[in-house]
Amino acid sequence: METPERPLRVAIADDALLLREGIAKVLADGGLEVVASVGTGVELLEVAARGGLDAAVLDIRMPPSYRDEGIVALEEMRAQGSTIGVLLLSMYATPEYALRVMGAGSGTGYLLKERVSEPQTLVRAVETVASGGSVVDPEVVEQLVQRTRADDPLSRLTERERSVLELMAQGYSNGGIAQTLFLGLKTVETHVRSILQKLDLEESPEHHRRVLAVLTLLGAR
Amino acid sequence: MAPGRKGRIIRRTIVIALVVAASLTMEITGFLATPGELRREVSWTTLHAIVPLVFAACAGVAWAIGPSRLPARLMVIFPLVWIPLSFLRVIEHVAWLWPFVYGVHLWWAVLTGILVLLYPRGRLIDGVDRWIAGIALVTSVGYLLGVLLLGQPSAAVCDCTVNPYLVADAPGVFAIIDVGYRAIGVLLAIVIAVRLLVRWVRGSVPARTVAFLMPIALIAWVITLAIQAAAYASGGADLVLDTVSLVAIASIPVSFVAGIAHARNMRARVADLMRITREGADRGLWAESLARTLRDASVRVYWWDEERAGYADASGEPLDDSPAARRSDHGLLPVSSPTGMPIAVIRHDRVLTDNMRLLDGVSSALRLSVDNGRLRSEIERTLEQVRQSRARILEAGDEARRRIERDLHDGAQQHLVSLGMRLRLAANQARDRGVEPLGVELDGTILMLNQALKELRELAHGIHPSLLSSGGLALAVPELAGRCPVPVEIDVQAEGRLPEVVESTAYFVVSEALANVAKHAQATRGWVRAVLVDGELELVVRDNGVGGASADGSGMLGIADRVDAVGGRFRLDSEPGAGTTITIRIPLGRFTST
């Protein structure tokens, strides 16, 4: 963990200049230090290679092919051993991308671009990934939960357990869930154990693995 | 077989039998009625009796194969007017009858002459022929009148009772009529012979070889007729000459029948050529069939070669068009299309030039053949152009949708997101300055904006799923299946990326098919499988619903059209109660991969 005195150092990559500047302003207003602002994934990789970064915010669709350059850059950074927090922004909430992002390792996040109009959400997401946590956009989770499957294991969950599961999928820690749902930590832990048992999932020591497992389960039902 | 055919054959057989019987009766009764010392030789009489039999037999054949019925009718009437003079002795005392019989006893010659004129088409071809036939008929009727009013045969012919129709006893005038009639007959016979000879000389070799009997028979007959006429005038008879005359007359119907049989055969062979043409024969087979049709093994076909601007045969050997080659005993028949484009040159034996009808038939067949081939290839070319343009339109449509989605993504969506961000900043500033109501107002605006963004996102996704562009079928199909209210099992084994148009077609098919599953199938499960087999994408969308889907429904038609446009195949199996299975196969070879 960084010391609270030093602000988090963040780099931004987005080919849309307007958004890039807006994001930079939101993050700066949120107390973060934007050290670089570039237009492509390749440029961001160069910035990251110079070191000193705590987190990066990347658009997924960037030049040259406008497909998944942001995720490719993330996977490249992880392959090079970088563990900085990486938050991917996308115009679409695509579960398949969320799974790929979570699959790249800990300290990753996937948010809809329109979350930039909620500065706290964006800043908190950057802080979460920078500290090794996971963030998944609620819209993605909503899509996954709405998918219909035969013999749906989710039908075995209670209403409360369902809400807890959705927050688990968004990357919330047990503490975060307790805070969000106004529950005691113990209660949340009981719910989580019950959910994992009912869904035949194993609790993992690494937080992002839990997110990945839940997302995978939701997607594969 | 037509129901009337059998009856017609029986009727004809009866008619022929009756005329033969009548003819033989006249012959035999005449022979018996003639006093022994005046009788002709038995051999001559036999031969004389055989002539009408030959005509009757040929009438039967001509009826069956002739180009018209007239020749056969003339041949069947012939035995009735082939009246031996000796028959007069049988009826010499039937005063009202014998003048009529005597008056028509030479009509057989008129029938024979007209029969020759009818050869080979079964009708009188030009005005001269019609004049000849008319003169013959008019003089014959005149002769009959002459006999009725003035006739009284000599005692050497019969011991006839007095002619009851006699108006004047003028043996001199009657003798002139008698001789004059025969002289006109001889003259007309000579004219007919000449015309026939001219036609024969102009005819083609094959036609000549078979039909040579006719002119020979006619010439023999004309000569004997002339001599006989002279002999009649001088009152004498020669057995040898008479015999030759009978053989010559008998050979005329035989020649006629042989000639039309040959022409029929020739037509049949040209018809064969037409048949081969219709079946789309290749050039080698065509030249071979042509040689067979023309009975000319030296026939060569030189086809027009657009590139070389010259004629060459199937093996590529060019046509020798030099003056020396032109002077050879080969004729050249150029064939061109109705629009004047050269098609081919047929090199044939020069003698075939005479048979223009045959060559006309042949060149028509060739023209038809080439026109057929040309039309076929034109249709194929047009169809291929249509296919290609349809595929291009489809690709252009896909490309346009991709571009619109990208424009939305990079333009309107980005701008609205930025706008949301600025509104948030404004709301924060409003709160900082203590204008809480404005902050609340702006919060509401942001919510509305985000709702609009969500709708825009759905719209853009509907126009073109960005996931298909970036992740291909492997990502886009599961996402599509996830939106279907019916649980769908997915098995996409398409390794790597496929050509864009194939991916978008497959995506469209899955999307439409799953929409059908959701709306109509009443299914509880669905399956989507995509695999690559033999360079083709095979996509199967199946459900366990009620089945009974119609291939004519707009959804299915849309799928079939899309698949067809990229050269793929579409199959629908939807027995009622057995679920619905849509199978498509799209060949990948014709598209460049992205």
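Including glycine, each Cβ sits where the backbone N, Cα and C put it.
So that you can see what the record holds, here are the features copied from TrEMBL:
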type	residues	note
DOMAIN	B:501-590	domain 'Histidine kinase/HSP90-like ATPase'
TRANSMEM	B:12-33	transmembrane segment
TRANSMEM	B:45-65	transmembrane segment
TRANSMEM	B:72-91	transmembrane segment
TRANSMEM	B:97-119	transmembrane segment
TRANSMEM	B:131-152	transmembrane segment
TRANSMEM	B:172-198	transmembrane segment
TRANSMEM	B:210-233	transmembrane segment
TRANSMEM	B:239-261	transmembrane segment
Chain residues in Cβ proximity to the transmembrane segment (B:97-119) (below 8 Å; excluding those fewer than six residues from its ends, i.e. six or more beyond): 70-71, 74-75, 77-78, 81-83, 85, 87-88, 91, 129, 132-133, 136-137, 140, 143-148, 151, 153, 158, 160-161, 163-165, 181-182, 185, 188-189, 192, 195-196, 214, 218, 221, 225, 249, 252-253, 255-256, 259-260
For the transmembrane segment (B:172-198): best-contacting stretch of B:12-33, B:131-152, B:239-261, by Cβ pairs under 8 Å: B:131-152
Residue distribution over DSSP helix, strand and coil in the domain 'Histidine kinase/HSP90-like ATPase' (B:501-590): 31 helix, 29 strand, 30 coil
Same-chain residues at least 6 beyond the ends of the transmembrane segment (B:239-261) whose Cβ lies under 8 Å from its Cβ atoms: 41, 44, 47-48, 50-51, 54-55, 58-59, 61-62, 65-67, 71, 75, 78, 112, 115-116, 118-120, 122, 207, 210-211, 213-214, 216-218, 220-221, 224-225, 227-228, 231
Reported mean pLDDT - the domain 'Histidine kinase/HSP90-like ATPase' (B:501-590): 92
